[in-house]
Amino acid sequence: MSMLEAAHEHDIELEGKDEMSSSGACEGSLACSTCHVIVMDVDYYNKLEDPTDEENDMLDLAFGLTETSRLGCQVIASPELDGMRLAIPSATRNFAVDGYVPKPH
Amino acid sequence: MTAMAIFRSRTWLSRSFSSLSSHPLRVCVVGSGPAGMYTAEKMLKAHQGAEVDIIDRLPTPFGLVRSGVAPDHPETKIVTNQFSRVAQNDRCSFFGKVTLGSSISLSELRNLYDVVVLAYGAESDRALGIPGEDLSGIYSAREFVWWYNGHPDCRNLSPDLKNTDTAVILGQGNVALDVARILLRPTEELATTDIACHALAALEQSSIRFLPLQSLALNQRSCLKSVICCAKRMSYYYRKVYLVGRRGPAQAACTAKELREILGTKKVQIHIKEEDLHKSPEDEEELKNSRIRKRVYELLSKAATTGPSLPSSGQRELHFVFFRKPDSFSESAEYPGHVSGVHLEKTGLKGVGSGKQIAVGSGQFEDIECGMVLKSVGYKSVPVPSLPFDHKNGVVPNAGGRVISDTSGDPELIEQGLYVCGWLKRGPTGIIGTNLHCAEETVASILHDLEHGLIASPSTSTKPGREGLLQLLDDRNVRAVPFSGWEKIDCEERKLGSLKGKPRVKLGSWEDLLKVAM
């Protein structure tokens, strides 16, 4: 199962996830970045398979993107990942209009 | 199941409110697009006493998710499932066909509700302000998108796709790419989407497929029938679309997914001039600092060096034109009042500090002939009476979503109980998901203000909320469309769609929508 589904199983609030659905806004179809997670340890990040072009396209637009960011719906649990820690991006960003770098749409 | 710890690195004020008074907090959200729906969702989650009413001037909810997202991008519309669940919440009510500014004024809303959140987006366009802008055949991309998405306000746009084989699109953002792709995609592929029927018909009949009758000599017209048969068999296309940007490929506003998609459109020849790809040191710096820009540049660069195959007759063409800004539009001699071309000024880039470069005219000009122009240079919000508005930036002045009065010279005066979210707050940029974070910020401001007594406390508030709204609408003979009315529309559209192998057939007129909803 993906990290997104795992979060739902453990009743953890993962952004973009609604109580009733076990996936993000686009329900796992790589059409949004609301399930964005940050892999805390680079060793675990490196164990993951590289993101596809499609995932990278969505990561481009993710809020609070980091060097070890992935989409939760694309990270599949495996024994190899035992102990991996994930963080959810902070929502404390300033949205001032002046000086704000517009994101494309 | 692997064990893991999840760190939540944001503060969520809502936790402290989950056991707050059960006095209802009357909230009205204006606009049911992503900004409004995310705001409603977070408000309901954060405050157990919150009663949220969502009003929208259309009988259908979801804003640009329904009327903006391209018909061939159905995955992007899946989020409406989540939004539907919000509207169906016990403490939430949807009121369609209620217009702020005509059904009810802003002051009246503020008298009815403890909290009003304006999330009605941007339904107008930035103007270029150049000669010829009023000629027929020139549309904003917003109108064109509404037209092919079946928005009732653009039902009768009737763009003429038969008088010309060339369209010029001004702008290179994702909306520009959307309209280019809809113009260029084989219509067989569009036929199984939820594109509006009148738009599909117009695209099928456009002079993409047939040589315009006038361009054939008299003796050729007599064998026109066999020519058309030939053309159909050979998939004979003549459409040319230009995507024109003021600056270069390092500044193009589109994103990788959309660019990748349009570069892969079947039977379309891509034209990008290799000399346009030259990068200055300032360009290199800009690209280094932006992952989005770097990946877009690389896609454009690869497409330019691959180059079009030897021009085979009948191929459609997509031209990326850089370093050109529109100076004026030319009028057709053959069809007075109609556009016949765009007069463009070549530009160069000038650094203006903080890594930004702007386009500056060089005094050299050139023309592109065309019969249709789509301006995709930005949406603009529309103010309503008694709403503070920053006309320069086209947004409502605000601090973290709290609306600020625009009386100059005063210290920042907050308008009590009035908030904004989405494009009306930030300007018309970002994707659907951007509103999720925008709504978080606005709701955090609301909760903070509630805690600090800056909004009338629910236990002492005398605001009538929903009952008051219903009474007022009744007094004015305004019949709102409930969410169940939308569900009837949705059901009917999907039923009609199933008969045609489409996800839905949109009811494209006010009359049809209301007949089904009520």
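Backbone N, Cα and C define each Cβ position, glycine as well.
No curator has checked TrEMBL annotations; they are predicted automatically.
TrEMBL annotates B:L64, B:L100, B:W423, B:G430, B:I431, B:I432 as FAD-binding residues; of B:A35, B:A40, B:A127, B:A399, the candidate listed for that same site is B:A35.
Residues B:Q172, B:G173, B:N174, B:V175, B:R246, B:R247, B:G430 are given by TrEMBL as NADP(+) binders; from B:E258, B:E440, B:E441, that same site also lists B:E258. In this structure the alpha carbons, written CA, of B:E258 (NADP(+) binding site) and B:G430 (FAD binding site) are 14 Å apart.
For the binding-site residues B:A35, B:V175, B:I432, the ranking by surrounding Cβ atoms (within 10 Å, all protein chains) places B:A35 first. Listed binding-site residues: B:G173, B:N174, B:W423, B:I431, B:I432. Those with a CB under 8 Å from a CB in chain A, in sequence order: B:G173, B:N174, B:I431, B:I432. Long-range C-beta contacts of B:Q172 (NADP(+) binding site), restricted to its own chain and to partners at least six residues apart, with a cutoff below 8 Å, comprise B:L243, B:V244, B:G245, B:A252, B:A253, B:C254, B:F320.
B:R247 (NADP(+) binding site) is 28 Å away from B:L64 (FAD binding site) when you measure Cα to Cα. Cβ neighbours within 10 Å of B:G173 (NADP(+) binding site), excluding its own Cβ and spanning all shown chains: 22.
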